[in-house]
Each structure stands twice: as structure tokens, then as C-alpha cells.
Amino acid sequence: MGEMQNRAEQEQRDYFLGFWDYETPKVMVVKNRTLGVIYRGVQFLVITYFIWYVFISQKAYQESETRPESSVYTLMKGTAVHGDDILDTVEYARPSEGGDVVSTILRREVTYDQMQGLCAEYFNIANANCTADSDCVEGEVDFDGHGRRTGKCVQYYNHTFKTCEIQTWCPIEEYAALREPALVEAINFTVFIRNSIHFPKFKRDMQKYLNKCHYDEEKEPYCPNFRLGYIADQARENFSELCRTGGVIGVFINWKCNLDIDPSNCKPTYSFRRLDLRKDQANSGYYYRFAKYYSKHGVESRTLIKAYGIRLDVIVHGHAGKFSPIPTIISVVTAMTSVGIVSSVIITFISYFKGFKVTALTLSTTNWFFFTFQPSSAPLSVTGSC
């Protein structure tokens with residue numbers, strides 16, 4: 001009983017002391033040049049991938065932030081001659097000074113002198129056509145129409161057919177609207193975009209804007225003043241077609257900042273893309289309505305304007321990175337582990353194919369590239385033990 005107790009104590013003592021021993025793996029030396037070339041080649045590819053792509057391209061040694069705080073201020077400038085009128089910012093820009101969304105009017109359809117009253121419903125509205133008063137339900141409101149029906153069937157303005165009478169702003173837009181020519185001079189209007197960005201994790205503020213310049217991808221890549229015509233071209237859109245249907249174009253500002261170098265090198269890049277449906281779709285284009293109210297002969301009146309134009313949505317993205325030891329250690333360990341996996345793959349390859357001779361088992365503590373290769377046609381044999 002005492003002998004067994006002494007043996008158990010000795011085993012516990014040996015286990016405790018053995019915990020502090022340093023161990024190294026034994027290495028097989030396989031003499032085959034073909035296998036050696038494959039092994040070194042795969043190692044080279046793995047190391048190249050981590051050095052070039054992971055560390056240099058993706059900067060895996062940095063801590064990053066991809067959700068910056070951003071502020072956008074836009075201002076449209078330009079003057080246009082439209083018939084006998086001179087138009088300025090107040091006439092064509094909505095709003096005249098805006099944030100991350102600004103639009104300009106390119107074409108208008110105007111309905112003058114509308115007043116609250118009774119008139120015929122638009123004939124293209126469902127169930128609007130009639131032949132007798134019984135075809136119209138008094139008090140009914142068609143939400144696709146223009147007002148509340150009175151229950152009467154009346155002549156459709158100066159046409160021979162009839163539609164239901166409604167209470168609304170008369171005359172209705174579809175009948176009385178006048179189409180104005182497009183504001184082609186808007187192609188030279190300019191949009192100034194002032195963008196400031198803040199990376200809270202690194203407590204860094206960035207902003208780049210100049211007043212006396214015009215954006216050019218090669219000559220002035222950081223200038224925030226853009227011609228509407230240039231924006232349309234970069235979005236691969238025809239400006240004349242935009243004048244007819246309107247459209248929504250995204251202005252994408254991308255900040256990619258390496259905070260390990262001078263912050264002055266942190267500059268935005270710009271790109272442009274149309275966001276709404278294309279012109280061959282039923283709901284393509286961009287337009288909105290607004291009215292100008294006034295009193296005429298003591299009666300409240302209005303001029304209704306349906307405006308087609310370009311709406312610019314400024315969308316800001318940001319990415320900042322700065323050296324940090326934690327992601328660096330993780331990336332280095334991952335790279336070393338991946339190189340070690342190559343050895344495991346080669347050993348598995350040896351296990352399934354013949355023609356390689358293991359000539360020795362050696363101890364290596366410093367060299368990762370531990371295979372020595374020579375041509376051999378002898379069957380696989382292993383000397384020693386692992």
C-alpha cells in the first residue's frame with residue numbers, strides 16, 4: 001500500500017515537473033525533388049498572399065473604423081435666361097441652400113389661376129365618364145382623382161363627352177397645364193458640396209473643400225464644385241433626356257484615410273450613379289409639385305407647378321485605419337499557422353502516394369522550412385519513430 005502511494009506521488013511530481021519542459025516536434029526528411037518544389041511553391045504563395053494582400057493591401061495591422069459621422073452642406077449657383085425672365089437660385093433650386101439632398105428644376109408644367117370650385121373630373125380617372133347624373137355618386141371621393149363628386153354629370157370642358165362633376169381646385173391640372181420649354185442652360189449650373197467627416201474612435205476630423213475650382217477627375221480630383229452636365233455625363237445619363245423626365249443621381253463621397261501617415265493625405269474621392277429607375281420603366285424620372293398662392297379679385301387663387309428636375313443625393317462613406325498591436329499579432333499568428341498547415345498537407349500527400357523515402361528524423365527548433373529533398377525511386381519507408 002505504501003509502495004503504491006509512493007509511486008502515485010512520484011507520478012504527480014514527474015507530471016508537475018514535466019509541465020515546465022520545452023518540447024519540439026520531430027521532423028521527417030523526405031528526399032524527393034518534385035515534392036520539394038511543390039512544398040516550397042505552396043509556401044511561397046501563402047507567404048506572398050499574407051505579405052502583399054493581407055498586410056500591404058488590406059492593412060491587417062491596423063485597427064479600423066467604417067462608420068464615421070458626417071455633415072454635408074450643398075449650395076447651387078448659376079443664372080439662366082428663360083424667355084424674357086432671368087432666373088436665379090431661388091427660382092430653380094429646392095432648397096436654395098440644402099443638406100445632403102438638393103434638386104434643380106429643368107422643366108415645368110404650369111396650371112395658372114386655379115380656384116376652389118366645381119368642374120369636370122379628368123376623363124381618364126376610373127368611373128369618371130358618365131351619361132346621366134345617376135352615374136355619379138354624390139360625396140364619393142376617388143383617391144386617384146382630384147376631388148369630391150357632387151352627383152352631377154357635366155360636359156368635359158369644351159369636349160362633347162361628359163364626366164362627373166367634382167369640388168376641387170379648378171381647372172384641373174391635366175386639362176389646363178401649360179408645358180414650358182426645358183431649362184437647357186442648367187447644364188452649366190454648379191453645385192458646391194462642403195463635407196466634413198469625423199472618426200470618433202480616433203478623434204480625427206477631416207474636411208477638404210475649395211471655392212475657386214471645378215471638379216475634374218484628373219486635374220482637380222478633390223474639388224467639390226460640380227457642373228450638372230458633368231455629373232450627368234459621369235452617371236452615363238443624357239442631359240436632354242433628364243430635362244424631359246427628371247432623375248435622381250447619387251453623389252458618392254468616399255473617405256479612405258490612413259492615419260499612420262500625414263492626415264493631409266486623407267482626401268475624398270467622388271463617383272456618380274443614377275439611383276432611380278431607368279427611363280424605360282413606368283415609374284422612372286423625378287418630379288414634384290408646389291404652388292404659389294395669391295388673391296385674385298378677393299378670391300384665394302394659386303398657380304400649380306409640376307417640376308421635373310435632377311435631384312442629387314449626397315452619400316458619404318468613410319474608412320480610417322491606424323496601427324494597433326492586437327490586429328497585428330492576430331494577423332502574424334494567422335500567417336504562421338497557415339504556413340504550418342502546408343506541412344500537414346504535404347504529410348497527408350505522402351501518406352497516400354508512394355515513391356518517397358524518409359531517410360531520417362531530425363530535430364528542428366528554428367527552421368520552418370524543414371524538408372530536405374532528393375530524387376528517390378525506392379518505396380516509402382520510415383526509420384525511427386515520431
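Just so you know, glycine gets a Cβ as well, placed from its N, Cα and C.
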Cys170: disulphide-bonded cysteine as recorded in TrEMBL, out of Cys119, Cys130, Cys136, Cys213: Cys119
How big is the Cα-to-Cα gap, in Å, between Cys266 (disulfide bond) and Cys223 (disulfide bond)? 14
Consider the recorded positions Cys153, Cys170, Cys213, Cys257, Lys306 and say which one has the Cα lying nearest the Cα of Cys164 (disulfide bond). Cys153
Cβ neighbour count (within 10 Å, all chains shown) around Cys257 (disulfide bond): 24
If you draw a 10 Å sphere on the Cβ of Cys266 (disulfide bond), how many other Cβ atoms land inside? 20
Among Cys119, Cys130, Cys136, Cys153, which are recorded as disulfide-bonded residues, the nearest neighbour of Thr190 (ATP binding site) by Cα: Cys119
Say you check the Cα of Cys257 (disulfide bond) against those of the recorded positions Cys153, Cys223, Lys306; which is nearest? Cys223
